[in-house]
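Trainee: Sharing the feature lines straight out of TrEMBL:
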type	residues	note
TRANSMEM	A:12-31	transmembrane segment
TRANSMEM	A:38-59	transmembrane segment
TRANSMEM	A:79-98	transmembrane segment
TRANSMEM	A:110-133	transmembrane segment
TRANSMEM	A:145-164	transmembrane segment
TRANSMEM	A:176-200	transmembrane segment
Amino acid sequence: MEELFSIATKAIFIENILLANFLGMCSFLACSKKIETAVGLGFAVMFVLVVTTPVNWIITEFMLKDGALAWLGMPTIDLSFLQLICYIAIIAAMVQLVEMILDKFSPTLYNALGIFLPLIAVNCAILGTSLFMNTKGYGFVESTVFGLTSGIGWLLAIVGMAAIRTKLQYSSLPPGLRGLGITMIITGLMAIGFMSFIGINI
Amino acid sequence: MSVAEATAAPVKKTELFGKKERQIVKDPLWDNNPITLQVLGICSALAVTTSLQPTAVMCVALTAVLTGSNVIISLMRNFIPGKIRIIVMLSVISSLVILVDQTLKAFAYGMSKELSVFVSLIITNCIVMGRAEAFAMANKPWPSFLDGLGNSLGYSVILLMVGFGRELLGSGKVFGIQVVPQALYEMGYVDMGLMITPPGAFILLGFIIWIQRETSKHYED
Amino acid sequence: MSAKKGAGYTYAFAMGLCLVCSIGLSLAYTVLKPMQADNVRLDIVQNLFSAVGYTPDQIAELKPAEVLSKFESDFEVKVLDKDNNEADTAFMKKELLGLGYTEEALAKENAASMMNLFNRKVKLLARKADKKLEEYDPGYKALYVYQPGGTIEAYVVPIQGNGLWDIIKGYIALELDLNTVKGISFYEHAETPGLGARITEDWFKQNYVGKHILGNAGELVSITIAKGKVADSVPESKHDHWVDGISGATLTTKGINQFLYADLQKYEPYFKTLRN
């Protein structure tokens with residue numbers, strides 16, 4: 001339990017997937033204009049992360065790792081060079097699946113999120129989380145918690161950014177800096193803030 | 001989809017280098033730059049730009065993947081079932097990326113070591129996916145090829161600018177060659193550590209976007 | 001997008017695409033693999049030389065074939081088990097054959113490469129022998145003895161562990177006192193270019209040279225990478241065990257600190273006997 005808590009705090013604050021590792025930047029910048037869309041996208045990313053991280057763990061453990069095919073009687077095979085393509089295929093399939101399920105059962109939510117869903121497939125935060133899960137050697141439960149809390153961290157960052165950008169509408173900026181330009185600079189400042197968390201041991 | 005409508009206008013006639021074709025290549029170079037205006041491909045832009053050399057290799061690798069995927073997707077555009085198009089595009093893109101990665105490992109091992117995981121992460125570079133969805137799905141192979149070329153060059157321009165700024169300010173070098181004279185260091189000049197870290201890239205990119213938007217007169221409200 | 005087509009078409013299309021992609025990739029993989037393997041092997045050997053003090057220029061001067069033959073003549077590889085006895089290659093071979101490897105495939109392996117294979121499969125072998133990993137694992141490890149012209153000049157310990165993205169592998173060379181660092185090098189890593197990947201830069205590796213892995217009482221202290229400059233952050237008395245860090249690469253360097261200590265600890269009992 002204690003360890004899971006430590007993984008969670010790390011993933012949300014100290015090693016925030018977006019602000020400390022800079023993954024999932026594109027959709028973060030493109031969709032943080034309004035709080036509502038930011039929250040919607042944040043939850044979509046979180047959901048996909050919760051599903052894909054454990055699934056990728058299973059795939060790695062029982063198919064890709066060196067000797068993982070032992071249960072099929074083929075212990076000499078090492079498929080780890082297929083890791084990346086398998087992960088990305090799982091992610092794309094999951095995103096497509098989520099899209100179809102939402103379309104069928106909750107059209108309102110689908111309409112709210114619909115346009116962001118295909119973009120999630122290429123959100124490197126998702127792939128990054130799976131890769132990190134692999135290097136850190138987590139087990140199944142840890143991977144699930146890691147996926148969930150990485151998602152929460154991402155959600156937190158994008159909602160925070162959206163809040164800042166809403167306030168920013170009232171400030172007078174040079175026209176060329178409005179929008180993306182100032183967002184970049186603010187992200188830089190936010191990242192400097194989060195970098196001070198790095199190195200804390202829990 | 002969202003990225004689609006903004007930029008794609010199907011090209012009707014296919015000339016080899018007509019006005020429209022030239023426009024397709026020229027537009028994304030500056031006026032409709034994929035990074036600064038379409039907000040695509042920023043993740044990788046930040047990660048590899050601490051010095052110019054990996055930046056340049058990254059640009060070449062991306063150009064190969066983007067033009068390749070645009071052409072292939074465009075060739076298949078009438079056969080891809082809509083329901084599974086995301087996964088189809090991603091399979092094509094990731095196959096190409098793995099191919100580039102393997103080729104680098106075989107023929108330019110030093111380079112591939114330098115870029116390591118970031119060649120593979122081209123898969124998740126949204127420029128590739130974005131252009132496939134926005135342009136290649138609706139256009140013939142030749143214009144798609146040009147679109148891929150134009151966008152990768154546009155990406156390269158910004159990337160090289162960021163790489164130049166970060167290497168010069170962060171370590172006083174250009175392409176690994178010391179340009180800030182030793183005398184300056186002796187007078188108390190210090191390299192700007194911030195530029196090496198990712199926040200430095202954000203801030204530099206923010207300023208480049210500002211300049212880019214002032215010159216191309218593209219303002220957001 | 002094209003007109004609506006049945007589910008059968010979708011399945012057929014997906015299957016077709018998978019087939020084309022996988023055949024293409026497998027082909028490329030098979031064709032390019034020998035070249036990649038050569039590159040990797042050459043790189044490993046070059047890094048061994050770099051660890052024992054060859055400068056990048058000196059290494060660049062040597063042709064690939066020369067480096068490899070020089071490796072054969074200058075290095076001796078010792079494979080030890082956890083009690084620091086010479087490893088039992090016959091045992092390794094027997095176990096691997098039991099796993100399904102062919103006699104032919106194993107005939108090509110030397111002691112060191114067989115050990116690598118064995119260590120990769122050790123979890124599986126333990127499960128097969130129905131023993132706990134700790135009980136089963138003979139803890140095989142390699143030690144490279146650098147002896148150009150017959151006299152021993154350095155001992156090289158392979159080190160590896162997790163960095164930020166993936167495993168980092170490298171070598172640390174120790175002088176004959178098994179305390180002073182002769183050199184260090186890293187060959188396999190997937191760290192961020194310009195940040196974590198700077199561990200392969202010469203200035204960083206040079207920092208390690210001349211530092212000591214043992215404390216005053218002869219206990220293992222290892223060498224730690226500081227956050228920023230050593231001069232600013234570490235008390236004078238400890239400078240012997242600290243090296244300058246790389247800004248923006250905290251997680252990479254943290255990983256290196258951990259695995260360098262852990263790996264040196266594995267060899268420490270053996271080194272103790274050598275020192276006396």
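Cβ coordinates come from backbone N, Cα and C, glycine included.
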Trainee: Apart from its near flanks, which chain residues at least 6 from the ends of the transmembrane segment (A:79-98) lie with a Cβ under 8 angstroms of it?
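Mentor: Distal contacts: 44, 47-48, 51-52, 55-56, 59-60, 63-66, 68-69, 117-118, 120-121, 126-127, 130-131, 134.
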Trainee: Same chain only, please: residues at least 6 beyond the ends of the transmembrane segment (A:145-164) with a C-beta under 8 Å from a C-beta of the stretch. Say none if there are none.
Mentor: 4, 7-8, 11-13, 16-19, 24, 28, 31-35, 37-39, 41-43, 45-54, 125, 129, 132-133, 136, 138, 183, 186-187, 190
Trainee: Please give the sequence-distant neighbours of the transmembrane segment (A:176-200): residues at least 6 beyond its ends with Cβ less than 8 Å from one of its Cβ atoms.
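Mentor: Cβ under 8 Å, 6 or more out: 13-16, 19-20, 22, 25, 28-29, 32, 157, 160-161, 164-165, 168.
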